[in-house]
C-alpha cells in the first residue's frame, strides 16, 4: 500500500518537500497527482500480488497434474506442445488474463496521473541536468539500435526512450511490480549489499550496466562511499531521471547514456561491475557482446556480477518454461525466451577465469572473476 512521505526523497537542505506533483513523495518517487490515482494503483498492485501468490501456485499444480496424467509426453517438450495442454486449463487462463490486464492498467494509471503534472515533472528533469554532486552525460539525438525501438518494453507506453516521463513512469510502475517492497530502494540496497568485493579488497571504481533509474547505482555509492560510482543506461529518459533522482538524494553518482555493447570506458577500469536483468532484454548476439565489453573494462582480478533469469534446465521445468514464454508472448519480452535457452553458463566459463552460479528461485546470480 502507499506509504506517503514528504521528506525522504528530498535533497539535503531543500525546503521544498511538496515534490513536482504537489503531494510529496512515496519513498523515493513523486506521489501520484491525487489520492484517487494512488488508491487505484494500490488496488492494481493487490490484484497483481493475488495473481502471483495465489493463482501462480494453483496454475503450476494444474499443469503438473496434466503432466502426471501423461498429457505431455516429453521431458523436454517444445513450447507449442506445452501450450496445447496449458492454455485451455481454466485457472491458467484466468491467471494469464489477470497478469496481462494488471500490467496494462498499471502503466495507464501511472502515466495518466503524471500527465496532469507533466510540465512540472519535465522541468525538474531539466533543472537537475547541471546539478550535482554527481554528473550526467546524455544525447537527445542518440541513435538507438533497432532491437531496442522495435517494441515498447514490458508494454510501457512510450517504452523507455520515447517519452520524457518514461523514467517517472518506470519508477512508479515498478513500485507496483515490487508490491511496494522497494519504495525506499530496500530491494536494491539488499541486492547491492550481497555483491562480493574482489579478493584483493580494492574497490575504487564501480559500474552499474543498464542502471535504469539508478536505484542500484545509488545503493552502491551508499555501500562504497569512497568509490567512484558510474551507471550507464541506453534510454535517455531513464538516465536523466536517474541523475535527477540522485541529486535529490544528494548522491555523487556519474550517469551516462551508453550502449552496453560499446562502452566508452578504457580497458581495465573497474574493480566491480554489476549487470542486472539486462541480458534477457537483448538479442543473444548483442548480449554476448555486452558481456565481452564488461570484461574489457574490468581490471584483472575484478568481478562481474550478472543477475538475470535462471537458465532452462534438463529435464525441463515445464511450468517455469511456460511462465517464461508468457512474458515473451504477453509482456513484450521478445528476447527473453531465447535467452533462458541460451546456455549462458558455458559462454561465461569460456570468457572468465572463474564463474560461480547461484540460483535463487526464478533468478540466477553469476559471479565472474577476470
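Note: Cβ is positioned from N, Cα and C throughout, glycine not excepted.
Caution: TrEMBL annotation is automatic and unverified by curators.
Taken from TrEMBL, the feature compositional bias 'Polar residues' covers 1-20.
Taken from TrEMBL, the feature region 'Disordered' applies to 1-22.
Look at TrEMBL and you will find 207-302 tagged as domain 'Methyltransferase'.
Helix first, then strand, then coil: DSSP counts for the domain 'Methyltransferase' (207-302) stand at 39 helix, 25 strand, 32 coil. Model confidence over the domain 'Methyltransferase' (207-302) is summarised by a mean pLDDT of 98.
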